[in-house]
Structures are given as C-alpha cells and as structure tokens.
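Chemist: The following block contains the structure, expressed as structure tokens.
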Amino acid sequence: MAKEKASSQEQEQKVKDEKLKQLNLAVESLEKQFGKGAIMRLGDDAVVQVPVVSTGSISLDYALGVGGLPKGRIVEIYGPESSGKTTLALHAIAEAQKAGGIAAFVDAEHAFDQSYARKLGIDIKSLLISQPESGEQALSITETLVRSGAVDIIVVDSVAALVPQAELEGEMGDSQMGLQARLMSQALRKLTGAISKSNCVAIFINQLRDKIGVMYGSPETTTGGKALKFYASVRLDIRKIAQIKDGTEIVGNRTKVKVVKNKVAPPFKTVEFDIIYGEGVSRIGELIDLAVELGIVKKAGAWFSYENDKLGQGRETVKTLLKADEALFNKIYAQVKEQMVGLKLEGSSDDDSSSDS
C-alpha cells in the first residue's frame with residue numbers, strides 16, 4: 001500500500017514538473033516574441049515600486065498612495081468649471097520637467113495661458129503644445145507622441161472639447177448621437193498599451209454634465225462616454241469648497257480633491273489645499289495644515305509655534321513668515337515628508353490595494 005502511494009506521488013510530481021517545463025517554454029517564447037516583461041509572475045523581481053510624477057501637492061501625493069501620479073497609466077481629472085483641473089495638470093507638468101522629463105499639452109480647448117503656466121514653474125520653451133482642430137487629430141497626435149517613447153507626461157485638455165470631425169462638418173442642430181463616446185472608446189483601446197510601454201503619464205481633463213431625469217443618486221456624469229472611466233487607473237474629483245479672502249478681496253479657493261478610483265493603491269482618500277489665483281497650489285498653506293496635523297507645528301487657539309518658538313498669530317501670518325524664510329520652510333517640509341513616508345510604510349501591509357472599478 002505504501003509503495004503504491006509513493007508511486008502515485010512520484011507520478012503526480014512528474015506531471016507537475018512537465019507542466020512547469022512547458023509553462024517556462026511558453027513564457028520564454030512569449031518574451032522572445034513580445035519582449036521582456038510581456039508576461040511575468042507577480043512575485044518576480046521585475047515588479048517594482050510604481051514610478052510616479054508628483055502632482056505638486058504634498059497631501060495629494062500622499063493620498064495617491066504611491067507618491068504621485070503613476071507612470072505608464074491613464075489619469076482622469078474631472079470637476080465643475082473653474083475648480084482647478086487645469087491648474088493641477090499644469091503643476092504635474094512642472095514637476096515632470098523639474099525631474100528632467102519631456103512634457104506635452106494637447107490644448108483642444110484652445111485656451112492655454114502661457115503666463116500662468118510660467119508662474120506655476122513650467123519651462124514654456126521646452127513644452128510641446130498642440131491646438132488640434134478635431135477630436136481625431138487630437139487623439140492621433142497624443143498616440144504619436146506616446147508611441148515615440150520620449151514623452152514623460154501628456155495632458156489632453158479637455159475631453160469635452162474633442163469634437164469628432166463628422167460633427168464639425170455637419171450643420172448646427174444635427175443629431176450626432178454617441179460619436180464622441182465611440183471616438184474615445186476606439187482611441188483608448190489603442191492608447192492603453194502604448195502608454196504602459198512608454199512609461200508616460202497621460203492626463204485627460206474632463207468636465208461634468210447633468211443627466212436628464214435622474215431621481216435618485218447623483219445626476220452628474222463626465223463627458224465622452226464610459227470608456228475613460230474604465231481605462232483610467234486614477235480618477236480625481238476636484239471641487240472648490242470655499243473662497244480665500246485677504247480682507248475683502250478674494251485671492252483664491254479652498255479646494256477638495258477625492259481619489260475616486262485608484263488601481264495602484266487604496267482609493268477614496270480626500271485631501272484639501274488652497275489654490276491661489278495667479279500662483280496655483282499654495283505649498284506653504286498646505287505645509288502648515290499638514291505640519292499641524294502631524295504635530296510638527298503646534299496650534300493653540302490662533303497661535304502657531306514650532307520647536308517652542310512662536311511663528312505667529314493666524315494662518316496668513318505664518319504663511320507670510322514661511323514665504324520669507326526659505327530655510328525654515330525647507331526644514332519643516334523635510335520633517336513633514338519624513339513623517340508621511342513613515343506613515344505610508346506602516347500602512348503598506350494592506351493586501352487589498354486596488355479599486356475593482
């Protein structure tokens with residue numbers, strides 16, 4: 001009986017070994033045909049930490065779970081008008097350029113503001129910009145730039161402005177049902193693989209529309225059909241929640257961003273920061289909020305203190321101080337970043353780190 005059991009186990013092992021041998025041959029064949037990394041085991045060393053491009057916001061980078069927008073993926077930024085969508089995308093371009101990357105901006109809205117982009121830290125001279133005449137042209141330009149493998153980040157502003165050629169050639173009032181949705185679906189099928197191979201971040205800015213006749217749930221939806229929702233690895237919902245005033249003058253907006261979808265880390269995190277008119281994301285204001293939250297800067301009533309020294313009374317006073325004292329800003333920034341990395345490492349044992357949708 002024992003001999004029969006041993007013989008049966010040997011036979012099973014032989015079958016397993018033969019299967020493994022055939023599998024390895026198939027993997028080798030696929031790698032020869034399609035290149036290294038075309039197929040891999042999740043436990044292989046080839047799977048490394050996701051390379052990213054910073055958003056320009058410390059808190060949003062942290063909320064994204066990997067330190068920024070993942071390279072080789074599609075990102076959708078959507079929200080109401082004047083909520084900060086383009087500002088956030090321009091900050092990402094500036095960060096990519098600072099890291100030595102090449103950036104492109106497909107301006108389908110024909111509304112690119114050079115002076116504002118320069119204020120956000122973008123090198124205008126090296127930025128590739130296109131103002132296409134139709135949706136097909138915009139997506140064709142995007143595909144060509146992505147397939148070149150030389151572009152690190154590309155922004156399409158916006159999906160709503162990608163007008164199909166047939167609609168442009170038609171008469172006002174002609175019904176063109178589903179043309180834009182079909183255009184986006186077809187383009188994204190082609191783009192997804194190319195974006196992954198080129199390690200480029202593709203940001204699509206989108207607008208909101210109201211669905212007609214919705215009684216329950218949110219009536220809001222994004223333009224361009226459902227394809228972008230599925231193909232995007234990260235979706236960011238950006239909204240302005242309050243005005244920032246200097247006396248009676250409105251100088252900016254308090255902005256809330258929710259990570260609605262995230263395929264590289266846990267989703268549904270929400271962050272808030274200031275967007276100042278003409279300056280973009282207020283890194284100083286954001287740093288103060290995070291430093292207080294992490295206990296690096298102490299707040300008692302309206303007074304702020306750091307390492308037993310009083311910084312000032314009121315948030316705006318502290319912002320002015322940190323703007324003037326770069327050394328102090330850098331010192332607090334380094335401590336905040338160090339603590340946030342520590343928090344991320346402590347929370348990195350979660351098994352379920354992706355959104356299903």
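Backbone N, Cα and C define each Cβ position, glycine as well.
From Swiss-Prot, for reference:
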| type | residues | note |
| --- | --- | --- |
| BINDING | Gly79, Pro80, Glu81, Ser82, Ser83, Gly84, Lys85, Thr86 | ATP binding site |
Chemist: Please list, in sequence order, the residues in the chain of Gly84 (ATP binding site) that are at least six apart in sequence and whose C-beta is under 8 Å away from its C-beta.
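Modeler: Spatial neighbours, sequence-distant, of Gly84 (ATP binding site): Ile238, Lys240, Asn253, Thr255, Ile275.
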Chemist: Applying the rule Cβ within 8 Å of the centroid of the Cβ atoms of Gly79, Pro80, Glu81, Ser82, Ser83, Gly84, Lys85, Thr86, what extra residues of the same chain belong around the ATP site?
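Modeler: Here the nearby residues are Ile238, Arg239, Lys240.
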Chemist: Just counting, how many other CB atoms are there within 10 A of the CB of Glu81 (ATP binding site)?
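Modeler: 8, counting other Cβ atoms within 10 Å of Glu81 (ATP binding site).
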Chemist: Just how many other Cβ atoms lie inside 10 Å of the Cβ on Ser82 (ATP binding site)?
Modeler: 11
Chemist: Among Gly79, Pro80, the binding-site residues in question, whose Cβ has the most other Cβ atoms within 10 Å in this structure?
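Modeler: Going through Gly79, Pro80 one by one, the largest Cβ count within 10 Å is at Gly79.
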Chemist: Taking the Cβ of Lys85 (ATP binding site) as centre, how many other Cβ atoms lie within 10 Å?
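Modeler: That number is 22.
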